[in-house]
Each structure stands twice: as C-alpha cells, then as structure tokens.
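Chemist: Next up is a structure, given as structure tokens.
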Amino acid sequence: MFADRILSGMRPTGKLHLGHYHGVIKNWVQLQSEHECLFMVADWHALTTNYDDVAVIEQSLWDMVIDWLAAGVDPAQATIFIQSKVPEHAELHLALSMVCPLGWLERVPTYKDQIEKLSHKDLTTYGFLGYPLLQAADILVYKANQVPVGEDQVPHIELTREMARRFNHLYGREPGFEEKALAAVKKLGGKKGKLYTELKTRFQQEGDEAAVEAAHALLQDAQNLSIGDRERLFAFLENKGRVILPEPDALLTAASRMPGLDGNKMSKSYGNTIALREAPESVSKKVRAMPTDPARVRRTDPGDPAKCPVWQLHQVYSDEPTREWVVKGCTSAGIGCLDCKQPVIDGVLREQRPMFERAQKYLDDPTLVKAIVADGCERARKIANDTMKDVREAMGLGY
Ligand code: TRP
Ligand code: SF4
C-alpha cells in the first residue's frame, strides 16, 4: 500500500504540446511508480469556460488520453478517468456549496484574472465562479493528500484546504459522537479495547505522544473496524472532531519552464508550440523557421546565444559538448544557424520517438483507450462513493 494518494487533472481544451510534457506529465510519470495516482480528464472544468463550444471537449479528450499514454502514463500503475463519469464529484460540489462562503470564491485570484483575460466570453456564470469549488470536490472526494499543480493553481489548493477544515468543523462532530465512539471501542474487542482506552488516557493525562502512535498502530491493524469507526476512534483519541475530509497539500512541480519557438514560455495562446506528437517533418520545419539572434543577418555575422530562442532549446535538449560547440560556433560565426538548429531538431525527435511508438497501438485500436478509461472510472467511482457515504451521513443525509 502507498502512503500518499495523488490526484491531478487536466482540462481537455486542445492538443497537448511539449510544454505540457515537460511541465506536468513527465512529473506524473515519475509519481505513478511511487504513489497511488489518479489522473483525471477535467471535462466539467473545460465546460466552465467552453460552454459555448462543446465540440472541442470531446475532440480533445481522447487525443489527450492517448497523449498521456504516449508520454508514459501507465494504466497498470495509475488510474485514468473522466470527471463527468464520476458523478460523485458533482454531488460533493453541491454539498460543499451549501457551506462555501461566496467571498471565498470571489477572492480567488484566478477568478477576476480570467474574467478579464477571457473578456470575449461571458464568464459571469455560476459555474465559473464555482470552478475552484469543483476542483476542491475533485480532490476531497478521493481524500487525496498530494496534488501536483503549477504555481497558478496554489490558491485553488488553499481553498480546498479551507473547505475541508470548514466541513470537518461543521460536521466532524456528528450527533451522538461520544456514544458511537464508545460503541466502536467495544467493537475493537476486549483486549484491544482496553489497550486503546489506556493509551487514550495516557495521552490525555500525560500528553504522551508515544501513546498516540501506539494507538494509531492499533487502529490501523484492527481488521474489523469500518472506515467510519476507525476515523471516529482517531478523533476520540485526541478529543478532536472527526476528520471526514483530509486537507491536501500542493505538490509543486519544480518550475520547469519549457521555452517555445519564439523564446516565450511554450503556450497555446502564444502560438509557439510543438505538439507532443507533431509529425517529424513539421518539427524540422518549425525549428528551422525559428527566429535567431537578430544580429546574425548574414552567415558571417557573429551572434550571441543569450539573445537567441534556439539557445533556450539547447538547454533542454543538448549535452554539454554540443552547447560548447554552439557558443563557440555562434560567437565566432563558425557555424550557421541551420547547423545550430539541427541538434535541437534531433533532440526533439529523439524525445518523441518512443511516444509515437506507444501511441500507435491505441491509434490502431481505439477501443483499448476506451477500456482503460472505463476501468479507471470504475476504480475512481468506488473510492468516491466511499467518501460520499461518509459525507452524506455526516451532513445528516444518511437515510
Ligand atoms: N484547474 C486545473 C488546471 O486548470 C485542472 C484541474 C481540475 C485540477 N481539477 C483538478 C488539477 C484537481 C488538480 C486537481 O490546470
Ligand atoms: Fe542562435 Fe545558434 Fe544562430 Fe547563434 S548560431 S544565433 S545560438 S541559432
């Protein structure tokens, strides 16, 4: 069993490019072997901004999953699923909406930013205001404790933490908590129940942390406890409310800024991308057309790599000797810009080759992709449904 459960998501709003690969997916691939991972296609989130152009979502969705698989996300290790196929997200979103102060949503920095940035769209909708709350539901419905995200998403994780805290505060002390906890102690059995009570007393009278640890181990091993009872006893031990929804942490990816074809950050909105599965001829063409140091008008003019976007790609794709060759050749006009670009082209193609290979089998047989996703949705639903049972009960909807 893994200690951490990781959840992350991506909106299906267009083709993935190498910026997504270096910034996000490479990290997912690393995480999947070390932790329990759930990777979600956030189609409802895509709808919050794309409600007037829904076709893009379905088009992007399957391609995006193939891109994930091509990049090395392994369905044998990670759970790949679609948000809208797990309606528990919507149910938790609604439940949380009952206790989410409006101000918390209006204060999220991305809210006003995006409304301004996407001013051609009317985003003064209920759904868009609730975007971060839906994201909180995505995370909390799996009780995920780590969420890999970029810097821009940190306020959303903060809101998720605040919502979890508020929810636990309001509903963690269910009616009859004390009696239920005592009944759960009985269920532990005579010997274990007695030991639990002793450890609890030791902690509460002497503040003995070792007693807490011992009690945690005891509860962890107690096979006959339901999840609800186990959590009750954790809370009872330290006289806290029951943690129904645990607070997650943001797992910040080391900001790997992937440069685009023009030297700016690679991004769809700048039109400077190389697709994850861009055809090799097109890669060559795009790199060959890249702007270089404007001082190199003629082949004989020396240049300065620091002023050249191609040089930034050398940082990603070239080894030390190649980079030395570039600096020397550029500053002395010893090499031409097309010579200089060739190792970058080779590097991108080298990176993409295994992706094309992995993607082929899914392109040949799209039912494989559907089966992977169906399986992932089923696994996700099981977890989500367990959480919702607790949530419904805690909110007095257990009938
Ligand atoms: N809002 C995220 C983004 O734009 C996507 C997302 C939706 C997400 N739900 C999530 C990310 C849950 C992490 C966890 O990138
Ligand atoms: Fe840029 Fe290379 Fe040309 Fe120098 S030689 S300007 S680094 S492309």
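Just so you know, glycine gets a Cβ as well, placed from its N, Cα and C.
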Chemist: Looking at 205-209, 265-269, 300-304, 320-324, I want to know which stretch TrEMBL calls motif ''KMSKS' region'.
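Modeler: Residues 265-269 are the ones TrEMBL records as motif ''KMSKS' region'.
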Chemist: Can you name the far-off residues of the same chain, 6+ from the ends of the region 'Disordered' (281-303), with a Cβ under 8 Å from a Cβ of it?
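Modeler: Long-range Cβ neighbours of the region 'Disordered' (281-303): 261-263, 274, 309-310, 313, 330-333, 336-338, 340-341, 344-345, 348-349, 352.
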Chemist: By CA-CA distance, flag whichever of Arg11, His20, Glu151, Ser269 among the binding-site residues is nearest to Asp138 (L-tryptophan binding site).
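Modeler: Going through Arg11, His20, Glu151, Ser269 one by one, the closest to Asp138 (L-tryptophan binding site) is Arg11.
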Chemist: In this structure, which of the binding-site residues Asp138, Glu151 has the fewest other Cβ atoms within 10 Å of its Cβ?
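Modeler: Checked Asp138, Glu151; of these binding-site residues, fewest Cβ neighbours within 10 Å: Glu151.
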Chemist: At a 10 A cut-off on CB-CB distances, which of the binding-site residues His20, Lys265 has the highest count?
Modeler: His20
